[in-house]
């Protein structure tokens, strides 16, 4: 295997935490496949997982990017909703084609991300406070723009995006994979990715290295905003409308998935493949429990137990790696 390709794979998540997560995902499939094979392994259930995973995974990638720099983006779902509302208004009230509406929506998301980046990077506002405040701002803008109602009547050419398949796989699932590959390449193979990791792992060293942290943070939150915009378009296409409070529970879920994937909340480490697998694993767990007619409260409990288990496994793995160090490949 070429050295450059091997290094990309290592940075994208082929480490112990990713392997453990992959084992958990396979175990979920095996357990529920045995308990209720008729429902869990049905084509309808698997298609549900394929359709439900992309929006969650893309939002989690956005969250993980900011966590890579020791930050957080609590506004990413608000950005997604605002982007969806903007696209919906352009298509319904403006009678413009979906392509133009989607470009405008992503443009709005980029601006929202830039606002976060300016506050965090240049004004030195703590990320949790900055994005909590802007999240309220973006949600308010979406609420006003939508008049507090669901914007319906989206053209079929837009809503069909959620139903189209390529090689038997939903188009939006391919979009998720493409987004993951792009993020992985940026983090693993570009100077920006190196600076993001260094800023997160050791901001003092980044300063002494001449890295302009403000610019790095601005770029990070702009990327996070763009991913939020893409997720918002997927949500709107799947729902057949746009609203200011779609996916309100996704903020916590995105954080949970990032932590499940082994992303270090203190910055410096991100497993892109792990984020995707964690998002799919959470959807598989929920679908499996629902196939057993388990209440949503029990689903939440089981997801919490899974999170605690993975955190403990990753913590023990980190402790063992310090006792038995091995040669690391640097990006």
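Cβ atoms here come from the backbone N, Cα and C positions, even for glycine.
Keep in mind it's a predicted model, so treat the numbers as computed, not measured.
Among the residue ranges 196-212, 247-263, the one that TrEMBL annotates as transmembrane segment is 247-263. In this chain, the transmembrane segment (163-188) lies close to the transmembrane segment (269-292): three or more C-beta pairs between them fall below 8 angstroms, excluding pairs fewer than 6 positions apart. Outside the transmembrane segment (128-151) by six or more residues, the chain places 66, 72-79, 81-82, 84-86, 88-89, 92, 112, 115-116, 119-120, 241-245, 251 with a CB less than 8 A from a CB of the stretch.
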